[in-house]
Amino acid sequence: MKRLTILGSTGSIGTQTLDIVRQNPEQLEVFALAAGKNVQEIELQAREFKPQIIGLMEEKAARELKQRVADLDIEVVSGMEGLLRTVTDEVPDTVVTAISGRIGLEPTMEALKAGKDIALANKETLVAGGDLVMGTAQRLGRTILPVDSEHSAIFQCLEEDPRTLDKIILTASGGPFRGWSEEQLREVTPERALQHPNWAMGAKITIDSATMMNKGLEVIEAHHLFNMEYDQIDVLIHPQSVIHSMVQYCDGSVLAQCGRPDMRLPIQYALTYPTRWPNPFERLDLRGKTLSFFDPEDYDFPALKLAYACGKRGGTLPAVMNAANEVAVHAFLARRVAYLEIIGLVDKVCSEHDVLDATDLETILNADHWARIRTEELIHS
């Protein structure tokens, strides 16, 4: 029996993780759930999965939940301290980090220090603190298994000897606005940007997919997860989202992992590795399908170029890029900035940052904090 703490249980990845638990009650058990402030949803989860602890970031929401589940034997905690409580208890074996944003960095670090393995769906953790997180995992002998479909695909295609690896190829749908003119992009609304052609995801990652910043974050994540140089990480536009990523070896062979665009597949693999469990999910049927691939250089994706540049520069710059992007995306969703202003804001903040070595958590968090304040200043100016 594997016991789980699920961070972000009310979000897209979190609810799909619970679907895996629901279908495998003999193998998986929920120890703790954590979310932001969605009291109604997490109460339903509490009554179904009977966790021992629930953490909510918002204290008011935690107080309300405590009253709602008073009939259940559940400890309700709040804030970052409460979040850390859910990952450091001795009971859980694996922590699923499915919360969105840089806020996942601290609980991931504490979970590793507490001897937990990580099923990582929070790419911002590695973007902001990749060297620190991967170094901690290696030093403590803990495993970080990718949940992102692209990184799960790469992980499944890897051979034992890393010296045979030539490069990895991340695929991207290209989002809903591939090929649109600047005039068309000026008219993009949050509602239109939230309509992803293939995947059902949360709001922030859906906007990132539209701008291609999501793929940029994934390039940096792949650099850390697989210890690859940036010139060994390629991106291909693949609108059908059937091939989730590919690995090219030194002899020219290319291995690809294919599947339907269903996040439950990489989630389940991260929870069951190194074994595979049967499931009732719809199977991939390639009959009658045409798969196509395009060079992202054929389109104007400034976010992808910016992410490569920030990743190569390293230090605190990726954390700053990520923080500025989080603020800019949420401002767009709140109709405070236009769609085309998102990446311009991020680029401006990155250009103003004095890069430091990202050797400790405090330095990373300080850079993140500065970037958020500066981005807000630019939005208000």
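Every residue gets a Cβ built from N, Cα and C, even glycine.
In the three-state DSSP assignment, the secondary structure recorded for GLU124 (NADPH binding site) is helix. Spatially close to GLU124 (NADPH binding site) yet at least six residues away along the chain are SER100, GLY101, ARG102, GLY104, LEU105, LEU217, ASN322, GLU326, judged by Cβ distances under 8 angstroms. Marked as NADPH binding site by Swiss-Prot on the basis of sequence analysis: THR10, GLY11, SER12, ILE13, GLY36, LYS37, ASN38, ASN122, GLU124, GLY202.
What Swiss-Prot records for LYS123, SER149, GLU150, SER173, HIS196, SER209, ASN214, LYS215, GLU218 is 1-deoxy-D-xylulose 5-phosphate binding site. In the shown protein chains, 18 other C-beta atoms lie within 10 A of the C-beta of HIS196 (1-deoxy-D-xylulose 5-phosphate binding site).
Here Swiss-Prot flags ASP148, GLU150, GLU218 as Mn(2+) binding site. Cβ contacts within 10 Å of GLU218 (1-deoxy-D-xylulose 5-phosphate binding site), excluding its own Cβ and spanning all protein chains shown: 27.
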From binding-site residues THR10, GLY36, ASP148, the one whose Cα lies nearest ASN214 (1-deoxy-D-xylulose 5-phosphate binding site):
ASP148
Those binding-site residues of THR10, GLY36, ASP148 having Cα within 10 angstroms of LYS123 (1-deoxy-D-xylulose 5-phosphate binding site):
ASP148
Between the binding-site residues SER12, ASN38, ASP148, which lies closest to HIS196 (1-deoxy-D-xylulose 5-phosphate binding site), Cα to Cα?
SER12
Can you tell me which of the binding-site residues ASP148, GLU150, GLU218 is spatially closest to GLY36 (NADPH binding site)? Compare CA atoms only.
ASP148
To the nearest whole angstrom, state the Cα distance for the pair ASP148 (Mn(2+) binding site) and SER12 (NADPH binding site).
12
